[in-house]
Structure formats: C-alpha cells, structure tokens
C-alpha cells in the first residue's frame, strides 16, 4: 500500500539553512525559528500521513456522487475535514482578526505541500476557500469581510472561483454570464459556469461562490467583467443562514483524476450576488491572488512528485530483481534490489533532484510573496510576478513527468490501481491545466512579464544570479556548482535577448519559443536553488553538522542536477533560436 | 466526440515514395503496388473508423467483468471481433497454409496501426493471438501446428503469453511455476501468472496459453525455463474441444487504462501442458518473436499519438479562443481558432512530426523484419535487432508524451473523460511498461545489442546513415536536412564511443547513460526518416506531383523536426558524458 512521510527534515533545511527564514526582515519572520517551524511541520506532517494519506485512494476509488442536487464526498472526507478545521490548519496564514493564525505565507506553503502530497483532491477544498477568502480580504467592503471571512477562514463555509464557461476558458472576454443590477444594490446572476472545483459538497454549511459575470451595458469583452459574491445560502443580517440562493450543481464531471474533488457544472438562475470590488474590474480583483494561487498549483506538482518518489524509492529498495552488474549486492538472496541498477538510479535521482530543487524554489517564491505583501517590497513583487508562470508551468510539467517516472519503477505494478502509482500521475495531470494552462503561463511569461516595467524584473533576476555566482564562486569547492549555473543563466539571457531583438520584428518569433523559454527559466531557477543548497550544505559540513550524511547527500544531488538536468538549457536555447518559421510555416489546413 | 480517420495517404507515401515497397527484393513485395495497398488500407481504415473507434470509449467506460470465472468483454466487442474475423484481418500476414493471407509483415504493421489507434484494448486480443501463433509456427511440431494454427490464425481461438509472476517480471530466472513431466509426454503445470492480457474472455471458443515454467530438476535460474502450450479447453484428436483444463482466471486487474482488455491473474492447477520447442530453451522460444512483438508495442505508441493528434488538431481548428497576435484571422467572429497561436502550433507540430516520423521508422523496421524472415537477410536481422529496443522504448515514451500534449490543447476539456483525450494518455501509458519496461529496453540496447557481433550492427547503422547523407547531400536542397542529421549522428557515435571506452573500465558508466542513449538513437532514426521523407517529397515535387501541398507540408514538417527536435541529441550526449558518478554516488540508504 502507498504511504507518505512528510519531508520535514528537508523542509527545515530549506527554511533555515538556505532561506535563513528567522533572519529575514519580513514582519513575522523573526518568530519562525527552527524549533517553532519544527513543531508546526511535525504536527502538519502527522495529520498528512495519518489522516489525509489513507483517504487518498479512498477518494480516488469512490469519487464524488451527485444525487438530487446534493454532492456527497467520499467516505471519511467529512471527518477529516472536521479534524483539519479543529486544528486550525485552513487559517494558518490568514489574519488573526478573522480567526486565522496570522503566520507568513511561506509556512502555509510548507504545510500545504504536505497536505497536497497526502491528498490533493481533499486539500483543494480548503485551498479554494483560501483563495476566495483572500480575494474578499483584498477587495471586499468591511461589511463583506465581516459577513464572510470568519466563517471562511475556519472553513465552516468554503469558497469557489467561477471563471470558465462552456465556450470560454482562457479567453474570458467571451463570457456570457450576466449580472443584472437590482434596486437594493444586489445583482441577479444568470449563466452557466463549468469546471468549478468544490462547487458543491457536503462538508460545509455554506459555499461562497466568487463569480465573474458581465453587467449588461458595460464595456465589451474582458473590460466588462465584474466579480460577484454568490452564496449558496443567503446570509441574514445576524450572520445566520437564510434561504437557498438560485445556484445549483447541474452535473459533476468524470475526470482523469482528483476524483475526491467535485468538479461541478454550476447553474446560476437569477441568483443573488453582491459586487466584489469595482464594477468591470472583476479580472483585476480575481487576479490579485494569482501569484499565490499559481504558486499553490506549482506546489501540487512538487507534492505529487514527492509522494510518488517516496513510494518508488521504497519499491526500488524492496523489490528484488536482477543483479548488480558489478557483482551481487545481496549474495544470499536470489536477486538484488532494483536500486542497484544504474537506470533505476538515474530515474530516482531525477525525481529526487527535481523534488528537492522544486521545493526550494517554491519556498523561496513564497518568501517573495511574503515580502511583497507584508513589507510592500516592490522588487520582491516584481520578481515573483516574473517567476510565477515559471513556478506554475515548469513545476507542474516536471512534477507530472516525475510521477510518470516513479510509476515506471514499478513496472506492471505501476499501471494497476492497487499500488497507487497511477493515481499520482492522474492527479498530477490536472495541475498542468488549471489556473491557466501551461501554454498560457508561457505566453504570460514571454508576452507580458519579460518586458514588464521595461524588463526591470528580468534584469534584476539576472543581476541576482550574477551576484550569487560571484559571491558563492569565491568559496572553495563551489565552482563545480556555480560554473554550470553561469552557463545556464547565459543561455537564458541569450534567449531573452533573442526575443527582444526578433520579437520587435515578429512577435511570433518570441511566442514560438515561449514554452521552451519557460522550461529554460525553470532549469536556471532550479540550478540556482541547487547551488544555494550546495552552499548551505558545505557551510553545514564546515561547521561540523551532526548529520553529515544529509549534507553530503545534498551535495551529490546538486552535482546530479548540474550534470544531468541543467544541460537541457542548451537544447531549449537552440529550439528558441530556430525562430518562428519552423513553427508557423504551415497553413492551418495543411496540418 | 472523439473520431478517427485512418492516415492512408501518409501510409501510402511512406510505403511507396519513401520505402519503395514494390521495388523491394523481399519475396512478396513485388505484389505490393500502390493500388493493391491502397485497397487494403482503405478497407482496414474503414473498419477501424466505423467499427473499432466507436467502441473505444465503450471499452474504457465499461471495462471487463469477471463473474464466476467468466470474463465478459465490453458491450459490442464480441460483434466487432466477429467482423474482424469475417474479414480475415487477424491472419493478414500469416501463412496461407494455415488460412492466413500470406502478406508481408509490413502490411500487417500498416493496418495494425489503424486498428491500434482506433481501439488499442480491443486490438490486443488479436495481437496477442498473433504473437502466440507465430511462436507455435516457429517452434511447434507439425502436430502442434496442425492442432492450433488454423484456429488461431482465424482467431476462433485466441492466444496469450504468460511470463510474469507476482515476485518476478523482468527477472524471470526467479520463476516458480513448475511443469511436471507425465507418462504420456505431457506436463502438469502449476503456478500463478499475473498481468496476462486477454487471459480470459468471452470472444473465442478456446484460449491457447503459452506458459513459461520450470521442469523440476532442470538448471537453476533462467536457463531452466521451458515453454508450454496450455489450452483452456483440451483439444481432442479430431480437433473438437475436450474437457476444461486446470487453468482459470482468479482476478482481473483494475488499471489506469486499456480497460477493454482483460488483464488477468491466471492460476494453473496441474493444468495439462505440452512442451513447445526444447526443454529449458523456453526463453529462446518466447523471444524469437520479440522483435515483432516489440515493434508492435512501439506501433501502439505511434497509434495513440496519431488518434490523439487528430482530435487535438480538430479541436485547435474548431475552438475559438483569443486572437492571433499579428491581427485577427477571424474578424467576423469574437475570437480566432486556437490554431493561430504559436504555442498551440508548436505543440501540434511536435505531435505531427513525431507521428509521421515514427510511422516511417516503424514501417522501415517492418521491412527489415520481412527481409530477415522472408529472405534470410542476416544484415537486416542484425539491424532490426539493434533498433528494436529503440523502436519500443523511444516510440512508446514519445507516443505517451504526445498524447499528453494533445490533451493539453483541450485545456480543462482534456482532463474530463467526456472528450476522450484522457483515455489516449491512459492507454498509451502501458506501452512504456509491457513487453519489457523501457528501462530494460535501454539496458538491452546498451548492454547487449551495441556490442553484439563485435559491434557490427551499430557500425552498419552508422555506415548506412553516412552513405545516405553523402548521396542525398548531393541533391540540391537537401543540405538543410542532411546537415542536422549528420550532427545528430555524430552525437550518437560519440556516445557509443564513450560507452566502449568507459564501459570497459566501469559498466555503470555505460548503463547510467543507457536511457539517454536510447532516446538519442531514437532522434537520429527519426531524423533519418525525416531526411528520407524530405528527399521523397522533393522528388515528387520535381516530378510534378498532383498533390504539391502534401509534399510541401512534408518538407515543412521535416524542417520542424530538424530545427526543434533533433537538437535534443546534444543534451542526451552531455548527460551520457557526465558518466556514472552523478548517478551512482549515493548509498541506497541516502536517497
């Protein structure tokens, strides 16, 4: 049976040895010392392993069920949700004013990885609530905050995001759902939304839908979209629940994975809605939380890769098959464990170096979000905005790939559902799609973020890498990590330069290379994280760590990433430099 | 709803313009003129589109059902199977002596792609029968052939291959199933086999299991394994069915995909079996058909990529979302079709160039198998043996990747089962595993095939590429295709040389790079096929083809492969040259 153990040691290493959290200037970071985060991570890891992970295959097998408009979650989900609420996990990084624990987002990200790894479908119920609550927090009136936030922070009420309609996903300007103003200042919302995760279920008293819709007579297209709060049950003045609103779940989708999460078709039939933020500024309001939401999806990529890796590793150590080519490792047994075979190791090292590097990248990103939100650090905000599509696109693509590689370690046993490896791949697949499909991330990166504020943020990124390489490069033994990073960063700069020059003449020259650029950027970021981790590991070894094997393993894994993964930047660059012609040559009819 | 149209035009182009089939010296090839193959392909394409494809989602949704030892296939499968039999498709390339049509294997491969694309799970029933019948044909006594082959060629009786046991897959030396000799020359077979595709079902009168087992007292390990024919119903002297044999299906597996094919746990309880081939030479007998079987699995990779590509392309043309960045293509409509966007094209071109290149590679491989079997051409046999792991490993890895990319074109609609894209990815996933997991293919390639017969076959491969480049390079306009192929081939040679030099000292240095080598080799083969297709397209254009768009499209697609896919060889080489150290550094305990 699949199992999950929270990687608390690795998390602590990244938080403290690499990111040096408690030395950070961001408000709230001073409290995050090693013992404090250890206690939080241990508790979170426990509930992830003991409560959420055992329900993961249950959710996959049973799925959700729609009967007479009611969605029933899989057996055990309700109790587990109650346990999560009782322990205050949903509000860990929400303001204390609304019943949260007020901790930094980086800590929410750290525990979020554990929860997502243990049970992605389950964790989405609270994840979406977090997103919806954050949006109300940022754009709601005081009255709206007072009405909804306490309940949502506690997950007594959950939240949803309603964007997609049958005929439009990425291109929301085509939206048809309309919101008609009423005399009392409310709106009547009418239309159909699809792919609404957690749109209906049996784990909360109320569901607060955030719905994008058009107010008739407003501007055409995307500029005429507004955001509305549409509660499942209307809320009385005293906070008690009033009558059922005109919103209902018409269908739940059969999906490739995340069966434990109800993906709903939501029908709005003149439902009462309340404007959230300004008229016609709905996209802006919805997207305020985008960096966070997309980082959260990137985290799912790493999380599924982590649990898949853990199980693949256990299987590779346990399963006896074949002999070490250099001589039996297990002479008393009829065969050696799989892990003796070089190609199994190659596979496992790819997984390990991705998961640990990706985790560091995510947590670093989360510290930038904290700096932006808690300290108003504009540079951090610019940097994380730039890197958000990379975090989302690269980490979910690679995360999925790694679940597939993990499955491969099991041979035929990886393909049957009994061993659980199929679920990780099927669940991980969605993260490449939702919250902006990865092709859209690449477009956002190359078409928007790269040139944002005159290219200031990408220049800052290159400067940062350069400074790191210069400083770290002076430390003895760091050249083997810094040199490959320099080369990779140079490939990225060359690609960016190519876009600037060619993109002026022909935007397709840049956009044809956007996906490769996103991956190139991702490799440079993971290369940077591995160099930083190597630096931290060397420092720990020099200082006489009491866990030298852990730190030596970090160095070996960093070497693997540099030698085996980072060379990919050259191919991405070559593809980019081939320009638009190979991609755009055909007429649509000739494909 | 998903649909499928057989790519007959492309198939004809490869068979006649590229491979020049009817000019071939192989016996039987003279009959394969353009009109003849067109007629066959058209008929096969029709049954694939009209009969098999509509049953593909049915099979996925309903799956197989085990009740009281009987396996029920999905609704409609039985009738479709009868239609396939009535039209003689299962025996298309089997000997006329046993009721087949005696056509070359290359034609069986061409129509097999159509059937597999339209319905992989269904087509496996006849595919496995083909494999089992071929093995009896190669190793059976005259009496055995007379007893089984007519029925199997007609698919009145189907066949299976029984290798895997719960504790052993790749390492069959650990096998426990035993076969005890009886006084009458038969054996009593006892043991459990798992992952037996089509092990039990309701579409045939009898099922002929080929079972690997050990005769007590024989040599240890893999050298003591023999092959047995174990019929579900014993066969009387007059060919009629006798009593039920001691073999039964204990369970069918829940799998990620190919739900329409019953994957069975088969229990042998003193079942009567008949030795096939020689005692203790079971592996050799089972593996005689390996090149064919593995090419058949490689074909599944291409086939699933083809149907996924067809549907992704249709969706990309149909779905209106966003605007062409260089100006609206569809000004009267609120949005342009997806296919205007460069990254969607990048994705589609990757699919297209893989599918068409992979198809050519497969068909070329099939002509080598024909040359080996029909003409006893030892060079062809050596070359196809060398390339078999590449065909199987590379085409199934990439085939799966392409189904995932095709799914991505659909955004959220790709993730829900309704649109069918999930099934292609889930079905394609198995091909990377069965018939030797792809890591084992890489091991076979680098650990065995590369140095086979003193490295003669790989040298012949390089010589062939060199000769092609020299000859084709002299044709005007071919340099843009030949030059990248030369560079890629040089990377492959450098890698092979590295293995020879370093592998002597440390076999792990070669095996750590085996997977990359398999992919590097695959890219060179597809590069070669694209250069050959470009040459054929240029020739057709020069000769005044009546379908210039088709041939110009071939050239554009060839350019794409050269510019965007072939550069990958450099990264594979860099990974290989990093040697064993990054891969092997860690103790198993430190992962």
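The backbone N, Cα and C atoms fix where each Cβ goes, glycine too.
Not measured: the values here are computed from a predicted model.
Residue counts for the domain 'Acyl-CoA dehydrogenase/oxidase N-terminal' (A:78-154) by DSSP state, with H, G and I taken as helix and E and B as strand, are 61 helix, 0 strand, 16 coil. According to TrEMBL, the domain 'Acyl-CoA dehydrogenase/oxidase N-terminal' annotation covers A:78-154.
The domain 'Acyl-CoA oxidase/dehydrogenase middle' annotation in TrEMBL covers A:161-269. Per-residue confidence over the domain 'Acyl-CoA oxidase/dehydrogenase middle' (A:161-269) averages 97 (mean pLDDT, predicted model).
If you look up TrEMBL, you'll see A:281-444 marked as domain 'Acyl-CoA dehydrogenase/oxidase C-terminal'.
Among the features that TrEMBL reports, domain 'Acetyl-CoA dehydrogenase-like C-terminal' is placed at A:461-587. With DSSP states grouped into helix (H, G, I), strand (E, B) and coil, the domain 'Acetyl-CoA dehydrogenase-like C-terminal' (A:461-587) comes out at 106 helix, 0 strand, 21 coil.
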- Mind pulling out the one from A:78-154, A:281-444, A:461-587 with the most Cβ pairs under 8 angstroms to the domain 'Acyl-CoA oxidase/dehydrogenase middle' (A:161-269)? A:78-154
- Message: Within the domain 'Acyl-CoA oxidase/dehydrogenase middle' (A:161-269), count helix residues (DSSP H, G, I), strand residues (E, B) and coil residues, in that order.
- Response: 7 helix, 56 strand, 46 coil
